[in-house]
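Peer 1: Here it is, the structure, as structure tokens.
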Amino acid sequence: MSQEANPFESLQEQIDDAAAYLDVRGDVIERLKNPERVLETNLSVEMDDGDIGVFRAYRSQFNGDRGPYKGGIRYHPGVTRDEVKALSGWMVYKCAVVDIPYGGGKGGIVIDPSDYSETELERVSRAFAKELRPLIGEDRDIPAPDVNTGQREMNWIKDTYETLENTTAPGVITGKALSNGGSEGRVEATGRSTMLTAREAFDYLDRDIEGATVAVQGYGNAGSVAAKLIEDLGATVVAVSDSSGAVYNPDGIDARDVKQFKNETGSVSGYRDTEALTNDELLTLDVDLLVPAALENAIDGELAREVQADMIVEAANGPLTPEADEVLTGRDVHVLPDILANAGGVTVSYFEWVQNRQRFYWTEERVNDELERIIVDAFDNLVEAYETHDLPNFRTAAYVVAIRRVVDAYDSSGNWP
Ligand code: NAD
């Protein structure tokens, strides 16, 4: 994976690319390219052996024109200030493209969670929640899970916030366990929107998803759910990977069974009847659909020249560098952008928040139906912009739709000095 592209610069480039097709003042666009504020803090936490561990952590509140800041918290050793800023900006445009009433935010802690015990991770999470307390709130900023965080961390953060505020406020964070105010359908939501985006794109491009071959890079929450739901549409998953490497079988890999294998053994490597590949080999397989579902910058300009897939649906955030985008556009490889394809996560987070505020909970069927309506509508809006403005690719179309919505909200509010 190339680490060359700075994700924050990639985001700014994507905004500029789309702004070229919009009649919006340059100073307004400049404002939309930078976060409103970024918290940088160092968490001091007592470790199990009595020593103090110090962990750098960030929360970026990028833009709140359309509603409270919204976005996940990532635990990863590679977290940087610029990465968090980029991820928070992508959240702004993601919420706008699916038209849910949120702005964008993101947080991260520089930590490899596999190096720490559960009690240490709880203390780290609660220390971060204490730092976040003045910034977050049901109507202010609503965190959620991201890479290496899930229901457990969300429950800890909610509990810390509620204890310190002496209240109950389940809507302060989403992605919680069902027993703690979570929503049906949240765990599968990101993979579900990836599947829905792939389904709509195949249909729009007059291609049959039944019988299509699929490779999935990154077999965590987003990737494994996308794989099984795309398999349910009749496609054949031929390769999957995680940080241990990739496995390939041209006759197909059972998406659910390989997940079960990963749960039991810790990785997809060594799965039965498969050939081992490197991650780069997976990304350049001759498949109908490639789903990058790991981290940013998985495909750079050089690798993009080797990509043989006909279509890429981005489950991960920012898996393509701007150079890769340019190469793939030139080669007529259709890329369905992250801000649509993985927007299911934040959309069902929105449903969770609505349910928390109303204290009335929906069935999984209702969640999935509402999600499908939102993703299909967003896809239709994106295609309309793509055709009307004769845009070079679907990413630019998504940003054109999203930036327009953010600018409309800003313009209609006026500017408070
Ligand atoms: P996860 O931690 O559950 O899974 C990530 C997977 O990627 C793991 O299997 C890991 O082994 C693998 N991986 C890491 N580096 C890799 C590499 N170099 N090559 C191949 N595989 C590699 O995380 P997730 O929640 O599934 O998130 C994955 C991506 O989806 C991230 O970009 C995240 O921001 C994005 N996303 C997730 C959600 C969500 O709700 N989970 C929502 C929107 C976007």
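Glycine is treated like the rest: Cβ placed from N, Cα and C.
A TrEMBL annotation is a machine prediction, not a hand-curated record.
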Peer 1: Have a look through K33, K94 and flag the one TrEMBL assigns to the substrate site that K70, S349 belong to.
Peer 2: K94
Peer 1: Around the substrate site recorded as K70, K94, S349, what other same-chain residues have a C-beta within 8 angstroms of the site's C-beta center?
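Peer 2: Along the chain, the qualifying residues are G71, M91, C95, I100, Y102, G104, A144, A343, G345, V346, T347, Y350.
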Peer 1: Restricting to the chain of D146 (site 'Important for catalysis') and a gap of 6 or more, list residues whose Cβ falls under 8 Å of its Cβ, or answer none.
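Peer 2: The list for D146 (site 'Important for catalysis') reads G71, G72, I73, R74, L87, K106, G108, given in order along the sequence.
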Peer 1: Would you mind reading off the Cα separation of T190 (NAD(+) binding site) from S349 (substrate binding site), to the nearest angstrom?
Peer 2: 10
Peer 1: What does DSSP assign D146 (site 'Important for catalysis'), in three states?
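Peer 2: Going by the DSSP assignment, D146 (site 'Important for catalysis') belongs to neither helix nor strand, so it counts as coil.
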Peer 1: Report the recorded positions (K70, K94, K106, S349) that meet this criterion: Cβ distance to the nearest atom of ligand 1 under 6 Å. Use sequence order and write none if nothing qualifies.
Peer 2: none
